[in-house]
Each structure stands twice: as C-alpha cells, then as structure tokens.
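Trainee: One structure, as structure tokens, below. Some questions next.
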Amino acid sequence: MQKSLVIVESPAKAKTINQYLGSEYIVKSSIGHIRDLTKGKLYNKEKNKKFLNENFIEKTNENKILIKQMGIDPYQNWKFEYHILPGKEKIISELKYIANQVKHIYLATDLDREGEAIAWHLKEVIGGDSSKFSRVVFNEITQHSIQKAFKNVGHINMNRVHAQQARRFMDRIVGYMISPLLWKKIARGLSAGRVQSVAVRIIADRESIIKNFVPEEYWKLDVSLISQDKKKINMDVTHYNNKKFRPINENEVSFAVEKIQKSSCIVKNYEEKISYLKAPAPFITSTLQQSASLRLGFSVKKTMFLAQKLYEEGYITYMRTDSNYLSEYAIKKVRKYIKSNYGSNYLPKEPNIYSNEKHSQEAHEAIRPSDIKIKNIDSDHLNSSAKKLYELIWNQFLASQMKSVKYKSITVTVLADMFKLQKSERIVMFQGWNKVLIEEKNVFSQFPILQTGSQLFINKVTPSQKFTKPPPRFSEASLVRELEKKGIGRPSTYSAITSKIQDRGYVKIKKNKFYAEKMGEILTIRLKKSFSNLIDYNFTAHMEKKLDQVAENKVTWRYLLDDFFKKFSEQLEQAKKSPEEGGMELNNIVPTSLNCPICCKKMGIKTAITGVFLSCLGYNNTDNKKRCKKTINLITLNDFNKEQDNQKKISLQLIQKCDICNMYMDSYFINEKLKLHICANNPSCSGYKFEKGVFKSPIYLSKTIQCEKCYNNMKLKIGPFGKFFTCINKICKNTRKILPNGEISDPKLEPIPFPELLCKQSDAWFVLREGISGIFFAANTFPKSRETRSPFVEELVRFQHLLPEKIYYLSSAPVIDNYGNKTIVCFDKKKKTHYIASKKDGKFTGWSAVFIDQKWCVINK
C-alpha cells in the first residue's frame, strides 16, 4: 500500500504526531524554515570605493547592489529571490526523495501565517503536481485534533502567505536601506527595524521622562479613630471643603492636623454592597508572557521556548495566538471537570465567554491544556520550568470557566469639620475562581458595624511626607503589555523584539527593568526626525491592520508595499542629505577642555554602539603615523549606584542641568577624582561639566589586574555585552568579565579538546569548557551545534592527564554511587564550587559528594 508524507517543522512535533497516525503515514520534519530571501553583506560605498570605478558607484548602481543583497526589488513589481538556507540541503533532498515515492503530501506546519509560509515554501521547493499537496491545520497535538484535521484537509491560503511575505519584505527594506545611512551619519554597526525601532522608542521615551522628572512634595493624613464599642478604625483624609485634600508642605498639613484634632467625627455614611469579580480570560500569547514574567520570573524568550516544547509534546494548544476563543469541545470537558472536582457551586450556569481583543488576528483558540485531566506533567522530556509553566496555563484555563468571586464591599465616610475621611474594604463571601488561583485571593480585615450619625473618637492623627514618583521603568512583562496596547507587532514577534533590542545594544535589562542606552536614545531622536512615520506608534499599528487586510484578501500585498515604499523612499532620500539641507544630523564628537594624556590634544565626547567614551581629537589626523588612538572609558553612575527608592532622598539630590539648553545631564566617572556630566541632548548640544573631588568608585576602577597567562597588565574596556578587562598584549588576547556586582570574574580554563568523546546530535566532538556554572562539555563546532552536557567523572578519570591543576581533584571523585549509578560533575552557584551527583533514568538520585579537606565526603538525602 502506497504511503503518504506528512511534513511538520520540528522533530519533537513529528514524533508526537507519529503516535496518532497509522503506518500508512511517513512523518518528517523540515526543522523550521528551509529557505529565505537572498542575504548578502550590506554595501558600504566608502569601504568599497577603491575597488570600484567612478561610474560604478553612482546612485543607480548602488541600488542594484542593494537590491541584490536584499533579495527583493521594489522597483520591479517586488520581484524576489529565495535561496535554500545553509545546512538544509540534506533535509530537502530527503523530502524530495520521499515525496516522489508517496501518493500524497500533507503540509502540517503551524497554523499561523509563519506556518502557512513554511508550507508554501515546502510546496515550491518539493515541486510536482499541486493536486498532490494538502494543507492540514490543527490547534493541538492530540489524537482527537489530529484525526479531525486529517478528515478536513484544505489548501495553502495564499492570502496569509502574502501577508507574511509583505511583512518580511517591509522589514527587509527598512533594515537594509536605513542601516547604511545610520553607519554613515551616526556609527558603524547600527540597524533600524520597522517594529524594533518603535519598541526602542517606547523605552527611550520613558527613560527621558524618568530623567527629567522632578519629585514634588505632598503629604497624607492618617486618622486613627475609636468607635463607641472601643474598636479602632484607620481612615484617610480625602477631601477638604469638598475639594481633594493634598497638602504640599508641612505648614498646610499642620493646619489640617490641628483642625481635625479639635473636630467632632461623625459617621456620614456606612455602605455595604455586593460585588462580583469575573474570572480572568484564558491566556493569549501576550498575557501568558506577562504572567510567566510576574509569577515565575521567566523572560519572554524563555516562556515562548517552554511553551513551544509543551505544544510539541501535546500538552497545550498552539502558543502563538491573540484570541480568547475556546472550542465547544474544550468548554464541555472543563465544565465537566469543575463539576466533578469542585462541585456545582463553582460552575456558572452558562460558559464564560470572552470577547477577542481589537487587534486579534485569525480565530485561533486561546492557550489551554490539551487535556484538562492532566493537572501535573510527569515526563522526563520536560524540565521543572516547563512543568511550572504548564501548571500556570492549567490553572488559568480552569479558573476562566469558574464562577465569579463574590465580595461584600464596605465604604465608610466620616466628617470632621470641613474634612472628609474615607475607608473602603471588601470581604470575600465566595471564593469562586480564586479557589484555583490562590495567589490572587484577597484577605481583608472587617470593619465594625457603624450607624450613620454615630460619633467616633480621635485616637491619633499621623501626617506622612511623600514625594511624587516618575512612571516605572518597563519590565519585559509591562513592555509586552505596552506593545499589545499600542497594536505594535504580533504575539509571535514579542519574544524576538525584546531579545533583538537588547542584542543590538540599544537597551539593557538591569534587575528586570529596561534602561535605554545612549545610542538607543540618539537613534530614537534621529529616526523621529527623519522617519516620523516609521517610528510613529499609530503608523505601526495601522500597518498591522493593513497586513491583516492582506490576509483577509481585502488589500493586495503589492499595493500595500508600493504605498509604503513610496513614502519611505522619499523620507530616505531626504535623510541622506546634509544636516544643513534638512538631512539626518551627524553624530559629531563634542570637544572638551580635557587634554589627551598621550599627545596633549583635546579629548572629545563620542558615542558608539558600545557606549559613551572620551576619544582624542588627534584620531582624525589624516597622517596615520600621527593619529592618536587614545580613549578613556566613561562609567555611568547607574552601573554601580543602587537605585534610590526613597523619593525624599531623590528630591534632595543635586540635579545637574545643562548651562546651554537647561536639559538634565548624564553623569559618568572618569576616575576616583574626576566626574563628567554630559548634556542628555549630546551630541546635538555641546554642554558638559567636569566635577573634581574624591569619589567612591567601583572596585574595578581602582584595581590593577595582571593577566594570568602572560603577566602583562589588563585594561578596562566596554563592549556590546558590558565591561571587561583585556590584556594589553595583543598576541595574548586574554579577557576577564566584570560581574553585575562589580567584582572581576575568576580566570577561566582554556578549552580542552576531547576528540574521543563524540556528540550525539551531530558529527562533532566535545570540548571541555568553563563558564559561570562550572565546567561542561560543548560541541567543538559551536555555534553550529549547541549540544552541551555535564562531564561524567569516569571520563575525567580516563583523561586525567589532560586536566589542569585547577580541576584535577575532580578525577579523584567516586565514579559511581552506592547503587552503581554513574556520577557527573555539578556546580553550586552559591558556594561557587563543584560537587558530584548521580543520576538514574535522567533524574537525580539524591546522592552527592563534596570535596572537603582534600577528600570526598558522601551526602545521602
């Protein structure tokens, strides 16, 4: 009997689907995308000038080169050129071979637009009769869904493919056509993105608000009252003379205290009412990312990686969705579960229905467990983090179909002369969905029952000084919420956005909060001026709606791209002009009064992708022999000063203001005796101030580090991933990281090759390396192969002649535990020491051994 071929994206997904299909199906994986637009290095006119004649570097020829590099031609009706991704040739050959042997091909890639595009690419590359191909779509990898999907096969939706393709082309145009301009005008290594630049703007705008914020003083009054039955009630003063009470200084609050203390306090109103809090909606991608960040501390990237694993293993529905829709089948199952396990009291008469958000795309289901009966996952294929995420999804889905929480809300209003005092509390009358989401349960103290007109007696009046606070910095969770609120990007892109803007060096995360880097601020200002549409919130959201219309066949993809490119190219040509002609401003160096310690010329303030630093003006000398390359690193105060949460302290800090434009100034350390304050508008504003004194500086500024390899000194440098020390010996090239706490990392081992130990996932072999989590084996072909694992002790014993003195003691550890299980090397991050543990069937046994006083001591749990 001739078989059929089923193609999916991932091996894990293929393995799970294979369990539900019969022997007449061959399930294979494409391992993601198989082809993409042609990609070449961006053309740099200045760099390539010497290789080209004058005619060749004319504008038209520059465009030809750029078009070839982009793989798309906006001037020729959006012609495009795709190429097979490196490493996918073998996969494609296998798929083509099998495709020729089977009677039918089912393209079972993911149900979103990206999955639709992958299905189309597979069909194009495999080729053959179109009638031989069918599109299969399912929301969850369960036997019920798979069988249902294969009974209702369809065809590739080219409208959705065009929507994905239009997005891809637009992003390629923006990235490839703006980046060379940014290199020329601002700094090398910069890039712009249709969505990423808007995300950077959100963070940079918030950064500006925070830095410009001036705390304002205000006071609150807390009045402790005693009822006639001797019970205490604490109330807030909310109004004075029917106006909101908000004293701004101590004199005003002292007047209020005196007045209230002399007044009679009479209960004006005591109100009780019943209120209900509806169950939260099941997760969509953005709310899952936010909840996982807030409740589990997961990054957006980690959340999506784990959700992908859960989906591929068949535990949850598809994880990229912006729809709250739940199928009748899922609702029926969960209602039955609630009734059986919690009783009819917790089950609403009708299912809870949640309307989709205004930005929702196709009617996918919300994220939910595939089987509500599976409360906890018992699988060796998934780690504890994946299991925690599943539990979060399970609880949210179950709670979404339970009854509302019932509250009794109590509000008390008291009059004291012209002052109004108020207090509101609520008591849980019925837990409802809080029975599942225990962490959201509200616990409140109860008021004494008060009669209207009854008198209360003043026990104490307590004034407290407060200061207004700036809006908080964005966390990953709140940034995703802001992107969703503004309609920027899609659920499937949030993870890539938050990762990319960090990788580019435009923002950084510190203590789970986003900070805009100086280059991110400069880039935002330049793009706002030269590409106002591109970086506008409404324009970006509008473009998402237009892409939706392409997917719905309401707008043609070429028309959308033509309309976008016409306006974009006009702005691009204007931005290329000189600043005097209205073009994009340059990232000019700002001269200072500080002399270069080498050539005595002046040092200037310069901003690059690595940060702000001082550079000798002698670097611009046309004579290379006379060019001075001296630079001085500037360390921001935020890098080692803890944030002051006490707003009173903030208000008393001396805020440096620019003498030229009155803008706030960023402060930097040069050394223990010199600070530099730079106008936040730099380089557009040349304002700066030096401050002399004796300052407490970071540990690494006052230390002289010696290279452990060649014994030369090491100097401080700043790279894309932070500060580090590098050996002054150019041949040595040794580096040492600076840890987040300001300490310098210990020297790491040189990689040790183990060609005898072969990898399982590729043809590579292992190399012993040392990282922040101790020693580990990694593939020698990294990053092509990212396979890693812990070393077995028996392997270290076998090759102990290769081990350096630092870890030689590990070869004397027990090779097996008391039960014959092999032991592996582990690392204790708190103690920063290695220890030995054993595993059985992929799980730790509880047996371990530590090295104390030159011997191994066994610990059994």
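Cβ from N, Cα, C; glycine included.
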Trainee: In Swiss-Prot, which of 101-133, 200-232, 266-298, 596-628 is tagged zinc finger?
Mentor: 596-628
Trainee: Pick from 167-172, 191-196, 437-442, 581-586: which stretch is listed in Swiss-Prot under region 'Interaction with DNA'?
Mentor: 191-196
Trainee: May I ask you to indicate which of 395-420, 707-732 is given in Swiss-Prot as zinc finger?
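Mentor: Range annotated as zinc finger by Swiss-Prot: 707-732.
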Trainee: What does the DSSP secondary structure composition of the region 'Interaction with DNA' (191-196) look like, as residue counts for helix, strand and coil?
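Mentor: Across the region 'Interaction with DNA' (191-196), DSSP assigns the residues as follows: 1 helix, 0 strand, 5 coil.
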Trainee: Quickly jot the same-chain residues contacting the zinc finger (658-685) by Cβ under 8 Å, restricted to those at least six beyond its ends, or write none.
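Mentor: Sequence-distant neighbours of the zinc finger (658-685): 208, 211-212, 518, 521-522, 525, 585-590, 592, 605, 607, 612, 614, 632, 634-637, 691-695, 697-698, 701-702.
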Trainee: By a simple count, how many Cβ atoms lie within 10 Å of the Cβ of Tyr318 (active site, O-(5'-phospho-DNA)-tyrosine intermediate), its own Cβ left out?
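Mentor: Within a 10 Å radius of the Cβ of Tyr318 (active site, O-(5'-phospho-DNA)-tyrosine intermediate) lie 22 other Cβ atoms.
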Trainee: List the helix, strand and coil residue totals of the zinc finger (707-732) as derived from DSSP.
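Mentor: Going through the zinc finger (707-732) residue by residue, I get 0 helix, 13 strand, 13 coil.
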Trainee: For the domain 'Toprim' (3-141), what are the DSSP-based totals of helix, strand and coil residues?
Mentor: 61 helix, 28 strand, 50 coil
